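Enquirer: My structure is below; once you've seen it, I'll send some questions.
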Amino acid sequence: MLDRIASIKKAPDEEYYVPGHRTCAGCGPALTYRLVAKAAGPNTIFIGPTGCMYVANTSYGCGPWRVPWIHAQITNGGAVASGIEAAYKAMIRKKKTDAEFPNIIVMAGDGGAVDIGLQALSAMLYRGHDVLFICYDNESYANTGIQTSPTTPYGANTTFTPPGEVVPEGKKLFPKDNPKVIAHGHPELKYVATASIGWPVDLMNKVRKGLNQEGPAYIHIHAPCPKGWQFPADKTIEMAKLAVQTGMFQLYEYENGEYKLSVKVDKRKPVSEYMKLQKRFAHLKPEHIAKMQAFVDARCAEVGITVPVVASNA
């Protein structure tokens, strides 16, 4: 069992995702990997479907992992993890190894968890494999040129959703809510959570809680992307915090059919305070932002966030 971390000063000193990779400055997914690896510890195997954290971390001489890591296709992270888990259990059962059963963690981007890789993820969860599946969500297919994904927000300017005369808002669709898809579609699943790099202790404790579960668990981690979202690289943590403070991303755990909020928010900032700092939303008109505000209000209400929206200068 992995113990709860009381504070950031009590977090493990050891690093299992170390410098030497080629991620962008201010990369949210890189910080996600660092925190997850720190929480999980040395007895861990990572499965990395194709995505930013595969492309930026696997050039010759640039591998940042101090624990075993295996590449999977973007479609099959859940299947590869299922095979590793089954093989370890078989070897232990047949006394072919005396090694302790490892922490098996899939680290997939939103493409590998919410879109192309959803089928293998769902099958892994349904079969009950003892695996923690984590989505690091940077809200686009970023390593191939910032294409839209199912988690890209409404109104975002991406290479596949450029704003123009016919479609002035850019992306017309609202984002898929994958944590709820997972939670409500897999009734035997014991633990679903969301996390943010803006709250590192909460993130690490959720990783440990997910690993301590018997059977599978799913954690969806919000990981801002300076390049894709078009904000300064030194503002990544500010963006992560604003996403939660505005309700654009909600922090909670889902257990026993109930949502438990992770961060107390007395009032929410309007989504405009978050969106105005990202050039991917620079083309939006007030009516588009109002549409996004209404959508966020509804999503917040679904998990029990009912506090009023109050502007910072109010």
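Even glycines carry a Cβ here, placed using N, Cα and C.
Sharing the feature lines straight out of Swiss-Prot:
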type	residues	note
BINDING	C24, C27, C52, C225	[4Fe-4S] cluster binding site
Enquirer: If you count other Cβ atoms within 10 Å of each one's Cβ, which of the binding-site residues C24, C52 has the most?
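Expert: When each Cβ's neighbours within 10 Å are tallied, C52 tops the list.
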Enquirer: Determine which residues of the same chain, besides C24, C27, C52, C225, have their CB within 8 A of the center of the CB atoms at the recorded [4Fe-4S] cluster site, and list them by sequence.
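Expert: Near the [4Fe-4S] cluster site, beyond C24, C27, C52, C225, sit T23, G26, G28, P29, A30, A56, N138, A142, N143, A223, P226, K227, G228.
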Enquirer: Compile a sequence-ordered list of residues in the same chain as C225 ([4Fe-4S] cluster binding site), six or more apart from it, whose Cβ lies below 8 A from its Cβ; state 'none' when nothing qualifies.
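Expert: Residues satisfying the criterion: C24, C27, G28, P29, C52, N138, E139, S140, A142.
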Enquirer: Relative to the Cβ position of C27 ([4Fe-4S] cluster binding site), how many further Cβ atoms are located within 10 Å?
Expert: 25
